[in-house]
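First the structure, in the form of structure tokens, and then the observations on it.
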Amino acid sequence: MKKKNISPSLVLHPLLLLLLPFFAFNSLALKFSPQLLSLLSLKTSLSGPPSAFQDWKVPVNGQNDAVWCSWSGVVCDNVTAQVISLDLSHRNLSGRIPIQIRYLSSLLYLNLSGNSLEGSFPTSIFDLTKLTTLDISRNSFDSSFPPGISKLKFLKVFNAFSNNFEGLLPSDVSRLRFLEELNFGGSYFEGEIPAAYGGLQRLKFIHLAGNVLGGKLPPRLGLLTELQHMEIGYNHFNGNIPSEFALLSNLKYFDVSNCSLSGSLPQELGNLSNLETLFLFQNGFTGEIPESYSNLKSLKLLDFSSNQLSGSIPSGFSTLKNLTWLSLISNNLSGEVPEGIGELPELTTLFLWNNNFTGVLPHKLGSNGKLETMDVSNNSFTGTIPSSLCHGNKLYKLILFSNMFEGELPKSLTRCESLWRFRSQNNRLNGTIPIGFGSLRNLTFVDLSNNRFTDQIPADFATAPVLQYLNLSTNFFHRKLPENIWKAPNLQIFSASFSNLIGEIPNYVGCKSFYRIELQGNSLNGTIPWDIGHCEKLLCLNLSQNHLNGIIPWEISTLPSIADVDLSHNLLTGTIPSDFGSSKTITTFNVSYNQLIGPIPSGSFAHLNPSFFSSNEGLCGDLVGKPCNSDRFNAGNADIDGHHKEERPKKTAGAIVWILAAAIGVGFFVLVAATRCFQKSYGNRVDGGGRNGGDIGPWKLTAFQRLNFTADDVVECLSKTDNILGMGSTGTVYKAEMPNGEIIAVKKLWGKNKENGKIRRRKSGVLAEVDVLGNVRHRNIVRLLGCCTNRDCTMLLYEYMPNGSLDDLLHGGDKTMTAAAEWTALYQIAIGVAQGICYLHHDCDPVIVHRDLKPSNILLDADFEARVADFGVAKLIQTDESMSVVAGSYGYIAPEYAYTLQVDKKSDIYSYGVILLEIITGKRSVEPEFGEGNSIVDWVRSKLKTKEDVEEVLDKSMGRSCSLIREEMKQMLRIALLCTSRSPTDRPPMRDVLLILQEAKPKRKTVGDNVIVVGDVNDVNFEDVCSVDVGHDVKCQRIGV
């Protein structure tokens, strides 16, 4: 069908009708200017916040014919009043560009970047034939890029970065003979790069990275003699780099990383004397690094990582005096590192890990005072560690593991105030570990395991202010543990296994932060200190293969999160305290090869591996196939009951007896009697406690969707599993597999026997609340599938989330993402949480207040999408009238709660702000370094109040050195500070928080296993894109932007 020609007046007619009241008194003055009507059509067609077009108003007095020339974003010609520049960038606009934009016929500059414009790209823009700059980057335009751009014959700059275009790259771009900058990066273009692009003789900048382009690289691109920046990485090309690219004599930046290229590196690239950045990583290049590359005297950044290169580092690299970044990781390179590399005056980053290098490291490495990070792990380096590595006190990451380094650690490292992460395991280092590491205020991670260190473990490790991980296992200390080791303020994981330690285990007083303690395979003796109950966060305790004696402290069973206990291969005696049978968290309890007697506790122990109790001749019970002699053990219990009828004495009772005995001077016989009494009190626990009597009635299942299992299925599954996913203030969560194979999460709310709280439930209130929660449906909310209840217990049935929680991701220490990918994922999680809370606050009737928002209540589904859990559950339980109910968790509770004892939507906003601060800083909501009584909110505000560099607050491991990520983190910091305002009235509603977050959302795209992080055409900084190899530190690679 043939298109009709439509006159401008007819096109504008509907708009005139719409605006008729507006011009009722002003029609003559404004003369219905197409300039005005085109701009007003933009205003009416695009949606955005009120501020977007706040000053785009037409006066009713008719005093200004060209009123639009004073509007924000609009620049007019001084003579004709025609619009020559229109900048609507970063206004949070959405919608589609109206056809009336074509009547801005004098427009030279049009910037629509940083919005959410969508749909096909409007061809009406191609009618703006005078345009010299067109920026549509960071929007959501989709479909194929339409033909017609060649009509913009004066165009110099075209930026379409980060959209959703697909199909082939437009070939008619090649007809833009004045074009200097071309950016089609970050979309989904496919096919080959048009060879005709090689005819753009004035082109200085081309960016096609982050698409799905394929085929061979066009040799004709070598004809772009004015080109300074070529960025075409993260595509799927094949073949080699054309030798014609050596003709790009003005090229400064060249990036073909992650492109599936192969073959040898072209010798001719060594002729690019102006080249400053050369990124060829993650390809299939083979052969040696050409010696001609030593001619690249301007080179600052060189990354050949993750290829199949062989041979050695060219000796001429020692002459690259401007080089700051050298990364050759994961190749087959060998030989020695040229000595001159250590004397490069600007070198800040050296990555050589996972090669076959030999010899010693350059002895002057770091002497330039600028070295910041070095990783030479997984090679065959020998000799000593250079003492000059931290000469400028800027080194923050030093990774040396899996080599053959020998000699002592340089004492200079103990003065390296910048050091954050130090890994030197699996070497041949010897001598004494120098004192001083404990004074390093930034040191968080130290691994010196599997070396030959001797003498004493430095006691000052216990004073290291932020140290979280310390591994000294497999060494030759032959000394006692430092008495103060458990007082380390932030130490979470401590391993000194198989290190020839002797003596007794120090008392556990002060053991507040430890998650894992590994002391197996030593020669420790004495008893296990009873005050291990101080280790409140302990998950894993391994004291196996030592010479420990005495009884097993019942205090271990009271640790709220303890999961793995290994006391095997010792000389322990007595019985296993019955308290362990009621533990809800223990999944492993290995006491094999000891001298234990008596019954194995029932309860949760019934599902443990029988081998955990082997080689204890005196143990009895079903697990070891030996029936217990009830008369023998009952007699023993009766004897104890005669002395302690009212309640079994705990450790403190035994301690009192010891004190009294010493005080009155009664000697040996009284001590024996007290000891016997104390040991018998442990035996009494075999038959005591932990049993719930009485009839609790039948189970009832209330389902909120169709379920393929029954209440009995749930109860039976829980009776057979000890797979605890978590435990909190409201109950314990189990992973349960139903008979049909479906996996769900079951939250058993605390009953009346939880500690001494004597919690009771209001039956009707519970059911009413559950009914409200069961009807919540949102993609960012964990779905409540149903509820099982009886007279004494309530269990909530949720969909199972396989990827753990945000707390695991932030603080679990298992980094499986790159820095850029992790930040992007965390930002998306933050948005997901905001969307979920926004739904609860603004779309539910009645409004649902979460009451306990924290990272452990934010779960991650199979796609790492955030799902808010435990919303409203805190209202389902209450304590006796004499007990006070604390709504929320320490560190996340809004300050006004202290005097109002009320929780509302603003309380959730505060908790959400704390979560954002945890994401930004990498720290927990409460840490010792914040000072007594202070939270992360106080700490951040104190840092900003003292005018410390805001970047010092940002998490180093999250890529804060990357300009784009750094600015995004600062933006999130501003939002977090708003949310954690002391006054509730100053906190924005979650709807506004969500809007701000979405406006500042980072533009990232994933292709395969790679995250594309590419910057704006006008941004000449660099992004760090980090990859993780199993067992390695984060490896940073860079993508120029």
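Glycine is treated like the rest: Cβ placed from N, Cα and C.
Per Swiss-Prot, the feature disulfide bond maps to CYS69-CYS76 (among others). Taking Cβ-Cβ distances under 8 Å and a sequence gap of 6 or more within the same chain, the neighbours of CYS76 (disulfide bond) are ALA66, TRP68, CYS69, GLN82, VAL83, ILE84.
If you take every residue in the repeat 'LRR 2' (105-128) and average the pLDDT, you get 95. As annotated by Swiss-Prot, repeat 'LRR 2' applies to 105-128.
Long-range Cβ contacts of the repeat 'LRR 3' (130-152) within its own chain (Cβ-Cβ under 8 Å, at least 6 residues beyond either end) map to 89, 105-121, 123, 158-170, 172-173, 175-176, 178, 183-184, 189, 1003, 1016-1017. Per Swiss-Prot, repeat 'LRR 3' is recorded for 130-152, and the stated evidence type is sequence analysis.
Outside the repeat 'LRR 4' (154-176) by six or more residues, the chain places 113, 121, 129-148, 182-191, 193-194, 196-197, 199-200, 207-208, 213, 1003, 1005, 1014, 1016-1017 with a CB less than 8 A from a CB of the stretch. For 154-176, the entry in Swiss-Prot reads repeat 'LRR 4', with the evidence type sequence analysis.
Feature annotation from Swiss-Prot assigns repeat 'LRR 5' to 177-199; the stated evidence is sequence analysis.
For 200-224, the entry in Swiss-Prot reads repeat 'LRR 6'. Nonlocal intrachain contacts for the repeat 'LRR 6' (200-224), taken as residues 6+ away from its ends with a CB within less than 8 angstroms of a stretch CB, comprise 161, 169, 173-174, 176-194, 230-239, 241-248, 250, 255-256, 261, 1005, 1007, 1012, 1014, 1017, 1039.
Using a 10 Å Cβ-Cβ cutoff, GLY210 (site 'CLE peptide binding') registers 31 neighbours. What Swiss-Prot lists as site 'CLE peptide binding' is GLY210 (among others).
Annotation comment: Swiss-Prot describes 225-248 as repeat 'LRR 7', evidence class sequence analysis.
Look at Swiss-Prot and you will find ASP255 (among others) tagged as site 'CLE peptide binding'. Under the three-state DSSP scheme, ASP255 (site 'CLE peptide binding') falls in the strand class.
Annotated repeat 'LRR 11' per Swiss-Prot: 321-344, in sequence order, evidence recorded as sequence analysis.
For 345-368, the entry in Swiss-Prot reads repeat 'LRR 12'. With a threshold of 8 Å between CB atoms, the same-chain residues lying at least 6 positions outside the repeat 'LRR 12' (345-368) that come near it are 300, 305, 321-339, 374-386, 388-392, 394-395, 399, 1029, 1032, 1035-1036.
Feature annotation from Swiss-Prot assigns site 'CLE peptide binding' to TRP353 (among others).
Marked as disulfide bond by Swiss-Prot: CYS390-CYS416 (among others). Residues within less than 8 Å, Cβ to Cβ, of CYS390 (disulfide bond) and separated from it by at least 6 positions along the same chain comprise GLY366, LEU371, LEU398, SER412, LEU413, ARG415, CYS416, SER418, LEU419.
The residues of the repeat 'LRR 14' (394-416), classed with DSSP into helix (H, G, I), strand (E, B) and coil, number 5 helix, 5 strand, 13 coil. If you look up Swiss-Prot, you'll see 394-416 marked as repeat 'LRR 14'.
Summarising the annotation, Swiss-Prot assigns repeat 'LRR 16' to 440-464 and lists sequence analysis as the type of evidence. Away from its own ends, the repeat 'LRR 16' (440-464) comes close to residues 396, 401, 409, 414, 416-434, 470-479, 481-488, 490-491, 495-496 of its chain (Cβ-Cβ under 8 Å, at least six residues beyond either end).
The repeat 'LRR 18' feature in Swiss-Prot is assigned to 511-535; the stated evidence is sequence analysis. Counting residues per DSSP class in helix, strand and coil order gives 5 helix, 7 strand, 13 coil for the repeat 'LRR 18' (511-535).
Its Cβ placed at the centre, CYS628 (disulfide bond) has 16 other Cβ atoms within 10 Å. According to DSSP, the repeat 'LRR 6' (200-224) comprises 5 helix, 7 strand, 13 coil. A gap of 51 Å separates the Cα atoms of ASP255 (site 'CLE peptide binding') and CYS535 (disulfide bond).
In this structure the C-alpha atoms belonging to CYS535 (disulfide bond) and CYS620 (disulfide bond) are separated by 30 Å. Neighbour counts of Cβ atoms within 10 Å were compared across the disulfide-bonded residues CYS69, CYS416, CYS511, CYS535, CYS620; the minimum falls on CYS69.
Each of the recorded positions TRP353, THR710 was scored by the number of other CB atoms within 10 A of its CB, and the lowest score belongs to THR710.
Distances between the Cα of TRP353 (site 'CLE peptide binding') and those of the recorded positions GLY210, CYS511, CYS620, CYS628, THR710 are shortest for GLY210. With respect to their backbone Cα atoms, CYS511 (disulfide bond) and THR710 (phosphothreonine) stand 44 Å from each other.
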